[in-house]
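*Asks:* Can you keep this structure in mind? I'll have questions shortly.
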Amino acid sequence: MKLFVGLGNPGARYAGNRHNIGYMAVEAIASAHGFGPWRSRFQGVTSEGRLGAEQVLLLKPETFMNLSGQSVGEAMRFYKLSPADLTVFHDELDLAPGRLRLKQGGGHAGHNGLRSIHAHVGEAYGRVRLGIGHPGHKDAVASYVLNDFAKADQGWLEDLLRGIADGAEALARGDGARFQNAVALRMQPPKPEKPKGEAKPAAPEAPEAAPDTRSALQRLADRFR
């Protein structure tokens, strides 16, 4: 079994926050792949289903962000999972809005949800870093992540979530490159090819110059007029 965790804060008040993009990601996977209903378990809510050959449990911790590791640790102990079975979807200030990066292991970079997970299960798990951009000053970070996405963000956000759902099966089987390609196709769809075999219209030929019938003396005189 694989455990996909989306980080966020519970309740309608936080539903549209930038900090909740992890919740949004696993919700998109559940919806696109016909997962079962969400039910309360492991200090959060879970939904079960299959992605290709893999049985996958989706988890949204409801401990609030800073205690996410309690929920994740409980689920992993129940199913006897290792960090290699865990992938966490979370917001990333250090990536531009709409950018996505995969990471295996490493530090938490100050993210309180990851910090809590580190404390409960170690750091050797996978992450899907979902770019939300940075407000420009560290003092503005808290209010920035706890505010909703702007209307101008909705286009790329919807494309990103669709791409995550498209590539979820590849991610579950460990094919990170194919997962990222699925997201890229949603974010930057290929340009339509020009029809082959159509010849470009020929440029119109310049009209031939009329023959110069002036005498040499006339041409010389015209130069000084």
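Note that the numbers count up from 1, one per residue, in the order the chain is shown.
Cβ coordinates come from backbone N, Cα and C, glycine included.
Just so it is clear, the model here is predicted, and its values are computed rather than measured.
Residues or ranges marked as compositional bias 'Low complexity' by Swiss-Prot: 200-210. According to Swiss-Prot, the feature region 'Disordered' maps to 187-225. Per Swiss-Prot, the feature site 'Discriminates between blocked and unblocked aminoacyl-tRNA' maps to N9; the stated evidence is sequence analysis. Marked as site 'Stabilizes the basic form of H active site to accept a proton' by Swiss-Prot: D91.
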*Asks:* Going along the chain, which residues six or more apart from N9 (site 'Discriminates between blocked and unblocked aminoacyl-tRNA') have their CB under 8 A from its CB?
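*Replies:* Listed in sequence order: N17, H19, N20, F64, M65.
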*Asks:* Check N9 (site 'Discriminates between blocked and unblocked aminoacyl-tRNA') against DSSP and tell me helix, strand or coil, would you?
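*Replies:* For N9 (site 'Discriminates between blocked and unblocked aminoacyl-tRNA') - judged by DSSP and reduced to three states - the answer is coil.
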*Asks:* Can you give me the same-chain residues 6 or more apart in sequence from D91 (site 'Stabilizes the basic form of H active site to accept a proton') with a CB-CB distance under 8 Å?
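*Replies:* Long-range Cβ contacts: L7, R18, H19, N20, I21, G22, H111, L130, I132, V145.
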*Asks:* For D91 (site 'Stabilizes the basic form of H active site to accept a proton'), which DSSP three-state class applies?
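*Replies:* In the DSSP reduction, D91 (site 'Stabilizes the basic form of H active site to accept a proton') maps to strand.
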